[in-house]
């Protein structure tokens, strides 16, 4: 969990210095950079790229995941990066709500209390942070909803797929979406921008893999 959080924090900090690039171009470089690691790992370990028996579910997870990621990067154009990251942590609240209706899981009263507390924090942030725009708030809110769906899909995938296989599907779909989405708004990187765009993939890879591993571990602990 710590590695995932640290990696995503570094990635989000890097995004702050790439404000002249569109959200889709950032998605593209973040995904292509991660693919070098996922392809290399799967080839070295001789793990099937196709996965086992939940390909359609993994594809759905990839589509939902890239939607959440794209909306997050869009939101950073309208919100301070710290606010965007904080607001995206609403995702577990939505995941819990979806789990009740889709997975028939029971949520303890104390958990609902903390979820309500987190949501109240969002309202406070909106009320006191003058830099939080309504449009940016809407984008990050929808991003958190889709991110909550990702958690549900990971739960359904369960222990049947290797975490890197799941991430690889996600990155392939994200690369395609980022490529087509950035064609009409392409900005050629110069100088250190190449380095910043490159390390997005490094941080993104470790953040995504260790988050997926955490979910797999939690499922095994049930």
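Glycine is no exception: its Cβ is also placed from the backbone N, Cα and C atoms.
Per TrEMBL, domain 'EamA' is recorded for 1-125. Marked as transmembrane segment by TrEMBL: 21-43, 55-75, 81-102, 109-128, 134-154, 166-188, 194-212.
Counted as Cβ pairs under 8 Å, contacts with the transmembrane segment (134-154) are highest for 55-75 among 21-43, 55-75, 194-212. For the transmembrane segment (194-212), same-chain residues at least 6 beyond its ends with a Cβ under 8 Å from one of its own Cβ atoms are 1, 3-5, 7-8, 10-11, 14-15, 17-18, 21, 26, 29-38, 154, 163-164, 166-167, 170-171. Per-class residue totals from DSSP over the domain 'EamA' (1-125), listed helix then strand then coil: 95 helix, 0 strand, 30 coil.
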